[in-house]
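Scroll down for the structure; my scribbles are underneath it.
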Amino acid sequence: MAAEEGFGAYTQDGTVDLKGNPILRSKRGGWTACSFIVVYEVFERMAYCGISANLFVYLTKKLHLGTVTASNNVTNWIGAIWMTPILGAYVADAHLGRYWTFLIACAIYLSGMCLLTLAVSVPGLRPPRCTDPNPDNCQKASSLELAVFYSALYILAVGTGGTKPNISTIGADQFDDFDPKEKNQKLSFFNWWMFSIFFGILFGNTILVYIQENVGWTLGYGIPTLGLAISITVFLVGTPFYRHKKPTGSPFTRMARVIVAALRKWSLPIPSDSREFHEIHVDEYTKQGKFKIESTPTFRFLNRACVKTGSKSPWMLCSVTEVEETKQMLRMIPILITTFIPSVMVAQSNTLFIKQGITLKKTMGAIDLPPASLGAFVTVTMLVSVVLYDRVFVKVIRRWTRNPRGISLLQRLGIGFALHIIIMIIASLTEKYRISVAKKHGLIESGGQVPLTIFVLLPQFVLMGVADACAEVAKIEFFYDQAPESMKSLGTSYSMTSMGVGNFLSTFILSTVSHITKEDGHQGWIRNNLNASRLDYYYAFLAILSSANFIFYIVVAKFYQYKAEVSDSMEVLKEELEGPKNKVSSQVELVGS
């Protein structure tokens, strides 16, 4: 009995300390460990948002770039920010582990922030001040000035490539899937994770943005740099409390072996009995802190990779578990593809939505409200929505669905995608109204400020916060949850790849639409003078594009098969939802049968 209690006191999900030793559940992990991780993320998001929220304004007002050029530079940089996590996830899963990959990336991240602060502070690294509303009439930034500024931005992007896919994964790793209580806590982790980090984003969207435009860019960039340094220190202080998972080798190599082995044995018949497939004894998995996965009928052609032929080469013979891990990663790709267009919609809140705000009256009492601060409404709405979702909606709806999550991850994702369509329709109608007011006051050619409050844009920003509470939270949880246990960092990077591709796609769509609408002597839909543009047409086009993607998503989601749980914790939680009466009746039926 004592032996069983001793075994139960240790985590059963393969987590260890930094030296590779088994750890007691009561000593490490849980919300205690997560508190340090969450505090890090609050400061890190403050730093990131302090740059991204007002980057469009800096490029247009300080570096004097045009609307399309500045917008594309913002989306290209944000795209890089969210694409580099693939590399960081690979290094973590294959070589260094999440903890050490994260710390090395933090050093790179901090060096990029320091260089960026220097770039906005030294007079010789930026063009002279210009008050003309048309950037074409201002002195352009030199090659050196642009080189230093963009070098800093992309050094920062490389650093975030190692931090973003690993920090949330490290947080989720603090909960043991084999313990029902911790599994239940893990179901709420990503809700509260997003809730906490958006405090940092809120600070960036309000205080930092105001400081940058009204006090100075040096202080406005220096504060997030200092905040990042503090966040790294907080993370290091929490080191004794963390649970870690060992690197398990390159996930890309394992997936490539399965695909190559299946192709090389293409003509072989697939046994109907899965027991004839090659598989390692379960004890070997236990020793390595891994989990055995049973064979499934999906992607059946890959099962040839574990058909025995006499060859022991890993490029000819793979285990059932390796095949199933590859299937799990491939199964998520269609869902990943459907997230690209919604990410394009999200990208507008950092670019064209801000450009709209620049043209409107920005006063709120005696305060001159920076356009980028409208992003704070996205944050506040998301914070409120996440709390209501986790504390009210889930508790009410799961009484009917019997799902511990309330609704499935894909259903929550779909709600967010549907809201994106509504957002772009509202944005189009609002822009049409803004143009009509500009025309009424004779401001089309001059490009002057439209006598309309900036708060007319509030509905599209507020709804974006609700959409993020559904789509962004569900997306990161879905790709983490559905990834194999040994590929969690890679799975988490899928959600970030979605944002990266979405931003690059936004660049492509905006450039293409701008080019096509300028043909045959036309002025184009998107010009530096927004009053003379037809941004309402562009938003309507995005709404149509989002609608088509939503239909595609419904089809893909309908055929998606969730992976099997590695433990029975979810079943235990479902039984608790059913209540004692239902459990007793189930037991009676079982005895009667």
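Placed from the backbone N, Cα and C atoms, the Cβ positions cover glycine too.
Heads up, TrEMBL stuff is auto-annotated, nobody curated it.
Residues annotated as transmembrane segment in TrEMBL: 74-92, 99-121, 141-159, 190-211, 217-237, 335-354, 374-392, 413-430, 494-517, 537-560.
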Can you tell me which recorded stretch out of 335-354, 374-392, 494-517, 537-560 has the most Cβ pairs within less than 8 Å of the transmembrane segment (413-430)?
537-560
Does the transmembrane segment (141-159) reach the transmembrane segment (74-92) with at least 3 CB pairs under 8 A, where each pair is 6 or more residues apart?
yes
Ranking 99-121, 217-237, 494-517 by the number of C-beta pairs under 8 Å to the transmembrane segment (335-354), which range is first?
494-517
Which sequence positions outside the transmembrane segment (217-237), separated from its termini by at least 6 residues, show Cβ-Cβ distances below 8 Å to it?
36-37, 39-44, 46-51, 54, 58, 62, 102-103, 106, 109-110, 113-114, 116-117, 120-121, 200, 204, 208-209, 211
Same chain only, please: residues at least 6 beyond the ends of the transmembrane segment (74-92) with a C-beta under 8 Å from a C-beta of the stretch. Say none if there are none.
48, 52, 55-56, 59, 98, 101-102, 105, 153-154, 156-158, 160-166, 169, 247, 250-252, 347, 350-351, 489-490, 492-493, 496-504, 506-507, 510
Residue list, the transmembrane segment (494-517) vs rest of chain: Cβ under 8 Å, 6 or more residues beyond ends.
68, 71-72, 75-76, 78-86, 164-165, 332, 336, 339-344, 346-348, 351, 475-476, 478-480, 483, 524-526, 534, 538, 541-542, 545
